[in-house]
Amino acid sequence: MLQSLAGSSCVRLVEQHRSAWCFALLVLGYLLYLVFGAVVFSSVELPYEDLLRQELGKLKQRFLEEHACLSEQQLEQFLVRVLEASNYGVSVLSNASGNWNWDFTSSLFFASTVLSTTGYGHTVPLSDGGKAFCIIYSVIGIPFTLLFLTAVVQRIIVYVTRRPVLYFHIRWGFSKQVVAIIHAIVLGFITVSCFFLIPAAIFSVLEDDWNFLESFYFCFISLSTIGLGDYVPGEGYNQKFRELYKIGITCYLLLGLIAMLVVLETFCELHELKKFRKLFYVKKDKEEDQVNIMEHDQLSFSSISDQAASMKDDQKANEPFVASQSPTSNDSSLNN
């Protein structure tokens, strides 16, 4: 009997704090996922880093042996300066000297990556004025971009998601939840095809050093706003129509980001996902709900009474004017 009472009390305790337990499991799962990613990346990439370090060390030693007049300190000073310039998007290679990083089209591409928080990092401001302007520009531009994207997505999703689902639900009598799931899957497949697979094939043709996997990797890293910057299009030697190419990439990033947000919003509106998200949210207290209901009732009652009073006033104003007789005049008339 004691065991049954203890078991029922434990179940009751878990049910009362269900949201807190779910949130704790969510935090634990996220931390474990971070550790899992760190272990996998370390085990996969560390051997390649070691091989690259050994290769660079051998090349440096061979260069010093072939050029005995150059000291190791001088070579390292030169390499440090070259690497600093490379971090700012400036290369000393002869095949890259013809590409300017701050012409209009490149600056437009940089502005789009800043406002979309993609931030490839291949081009950064060099001057103090440029860095200060980048801060001010981002502080104003990023919230402006979020407002712009929210407004665009809100209008697109009405015609792309809600109306088609209601059409099949009302016209054909299908279940709304089933139609919403099928619609979300189809919309996701179309988005992946139009903004990942097809652009990846195009980038693999236009970029000489990219294969299909690298192009698909660039599309995903860009549209997910991760923006690692290891692959940036339009930076190759003698890129044909480079200005037009940069403008096209800028349009692709904006349209792709809008499409990704539309798909995410479509999936978030699914009934099953809404129920799943509620597991981790804090539930409102009953007292707060009652207070909100009372306030709502008071507001509705006061608004109704105000409306009734205003209607009476309107009726009095619309009635024809009738001269009211004073009680003294009535009494005098009766006496007469």
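For all residues, glycine too, the Cβ spot is worked out from N, Cα and C.
These features come from TrEMBL:
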COMPBIAS  323-336  compositional bias 'Polar residues'
DOMAIN    94-156  domain 'Potassium channel'
DOMAIN    192-268  domain 'Potassium channel'
CARBOHYD  ASN95  N-linked glycosylation site
REGION    306-336  region 'Disordered'
TRANSMEM  21-44  transmembrane segment
TRANSMEM  135-157  transmembrane segment
TRANSMEM  178-203  transmembrane segment
TRANSMEM  215-232  transmembrane segment
TRANSMEM  244-264  transmembrane segment
The domain 'Potassium channel' (192-268), counted residue by residue under DSSP: helix, strand, coil: 54 helix, 0 strand, 23 coil
DSSP residue counts for the domain 'Potassium channel' (94-156), split into helix, strand and coil: 44 helix, 0 strand, 19 coil
